[in-house]
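Scroll down for the structure; my scribbles are underneath it.
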Amino acid sequence: MSASPDSAHDADSLDARQRRLAAVRPRLLAFARLQLRDASEADDVVQEALITAVEKDAHFAGKSGYETWVFGILKNKILDALRAQKRRGKWQSWEDDGVEAAVENQFQATGRWQDMARPRSWGDPESTLASERFWQVFDSCMIALPENIARIFTMRELMGLSTRQICEEAGIKENNCWVILHRGRLLLRACLEKGWLTEADS
Amino acid sequence: MKMLMCREATRLMSKRLDVSLGIQEKMALKFHLAMCGACKQCNKQFQLLHDAGRVLEHQTTAMPFDVGGDSR
Ligand SMILES: [Zn+2]
């Protein structure tokens, strides 16, 4: 036991960990909302994850950070919730409603970028990702994404699932998955560029 | 080698983040990116979106300053 690398909070470990749970909760909620697009469902999932973290406290091996361990639990709970959504028929059909048009609008018939849509520089990636403003725009652009696309995109980019795993969960072909991710990225980049650069320029 | 147009180039930029591209696809994309400034930017943006997930995870799990015993 004393071999724990985190010996700083060995003595009051459970107590300290519970305080850390309370501290990380808002950030877990923000993440779950982004993924599930339903505030009350996100609430439930975070609650379940926190309960599981307390119940399984003895399983925390101290190899990863405590918050990382809790985050892993949350990811599993989110995946369960997504599966339940799917069983309830909440994942509607995959046909697009004007999505393809919105994507195609960025290109000329020849396949070149439309002048209006030509991607511009977002500046240094590290400072972009460190900017609070960027994350605000990111959040609103995620909400603006069509639900089916957002779900696949977040499974891939936020949950870190492979496209193979995603096809299994979603019951679609891997090829279809790539098409959806391609559209999602094009829509997101257009939305982000609009929100991010207009702010940065002014 | 057939020339890629921007739309098709973005398809490969996206795909490369999910699975490794074939050699032909890689060459075609590389060639297009070397010539097309707009796609070069798009490629950076896709990459940034891809990295954003990792950053978000890091931000979510970073220990807050006011709790815990680690000195910073
Ligand atoms: Zn191009």
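The backbone N, Cα and C atoms fix where each Cβ goes, and this holds for glycine too.
Annotation comment: TrEMBL describes A:23-88 as domain 'RNA polymerase sigma-70 region 2'. What TrEMBL lists as domain 'RNA polymerase sigma factor 70 region 4 type 2' is A:138-187.
The domain 'RNA polymerase sigma factor 70 region 4 type 2' (A:138-187) scores a mean pLDDT of 93 in the predicted structure. Taking H, G and I as helix, E and B as strand and the rest as coil, DSSP gives the domain 'RNA polymerase sigma-70 region 2' (A:23-88) the counts 56 helix, 0 strand, 10 coil.
Broken down by DSSP into helix, strand and coil, the domain 'RNA polymerase sigma factor 70 region 4 type 2' (A:138-187) contains 40 helix, 0 strand, 10 coil.
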